[in-house]
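Take a look at the structure set out below.
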Amino acid sequence: MWESVALTLAGAAGNNVGKVLQKKGTHILPPLSFKLKVIRAYALNRLWISGFLMDMCGAALMLTALSQAPVSVVQPIAGCGLAILCVFSHFYLKESMNGLDWVAITLAGLGTIGVGVGGEEQKVDKIPLFNIPWLVLSIVILFVLLNTWLHIYKRQRREQELTGPEVIEEIIYGLESGILFGISSVISKTGFVMSEMGFPKIVVPAAISCSVGCSAVGFVYQTRGLKHGRAIVVSTCTSVASIVSGVVAGMIALDEHLPTAPTGRFFLLLGWFFIITGVILLVSSTRIIARLPRSMQKFLKSNVERTHSIRRPSSARGKDPIPSTTIHASTLHLLTSPSKEKA
């Protein structure tokens, strides 16, 4: 189990850090296209190609972890990729972090330990095939309801000429992308399980292909949310929905279950809670601190941030967090997603 935990953490780190390196490399590159000159420019850029290779290696490690451990263990731990990214950005990119960021990272780390202690290897003897159509139907109905709600909300905004943050739109796009990221992990795991049960080996690449397609659609929804709304809301909903949907879908489609021992069940549930809480705190720490009394704000601000604010008094610290944890945080986030920046 600990081997799977380590593989998941390494994979999540590769996914998130790789995307940061790719974005850092694109600063001197033209927009990506299929032109030969552009492709050559990207291929010869060491920083971008390093990030791309790290992203691919991260995806391979995540697949390896899924082949060994339940989705209910891998998917929550993958949400810690955002915490790993923050640490990398702080020490490599010299980005400032406040006290609440470190609390969130600590919670994510404790949650990972809890999942590792409480999680147990599960042997799947059979796949409950009758549950899969119900799961697919439930997801389709949920998406129909969410998009109907979104359509009604947009029409009301146009009729009333409302301005300001489109909260409902942010939440819906975040939930939809997170659900798709979580389901993509379950699809990959299903392929590995069916291969172990004696099905033709073609089921593994077929499942991975479906997983990539599911992640691609989730990326489209995520991009729409980031374009029309605030990244903090979209990324929070994406990360939490990815974890919850992955765990629930794994229990329904793969007959995964909680540990039989009370102690293991307690640590697993506690680990889930810590990871989800840490992710929420990590993407919303700036806004939370802004609502606290001034004395608490001074206490939570790091020395690096105070120095940064003295040198640049006119600038305000902002966040544009990476969703992947959700999260992306998804099994096969092979597409480049917006990176986390802290000015």
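Easy rule for this one: first residue shown is 1, then count along the chain.
Positions of Cβ are set from backbone N, Cα and C atoms, glycine also.
Features as listed in TrEMBL:
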TRANSMEM  47-67  transmembrane segment
TRANSMEM  73-93  transmembrane segment
TRANSMEM  100-119  transmembrane segment
TRANSMEM  131-150  transmembrane segment
TRANSMEM  171-190  transmembrane segment
TRANSMEM  202-221  transmembrane segment
TRANSMEM  233-254  transmembrane segment
TRANSMEM  266-290  transmembrane segment
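Long-range contacts of the transmembrane segment (131-150) within the same chain, counting only residues at least 6 positions beyond its ends with a Cβ under 8 Å from a Cβ of the stretch, are 168-169, 172, 175-176, 179, 183, 249, 252-253, 255. Just going by CB pairs under 8 A, the stretch in 47-67, 73-93, 100-119, 171-190, 233-254 that sits most against the transmembrane segment (266-290) is 100-119.
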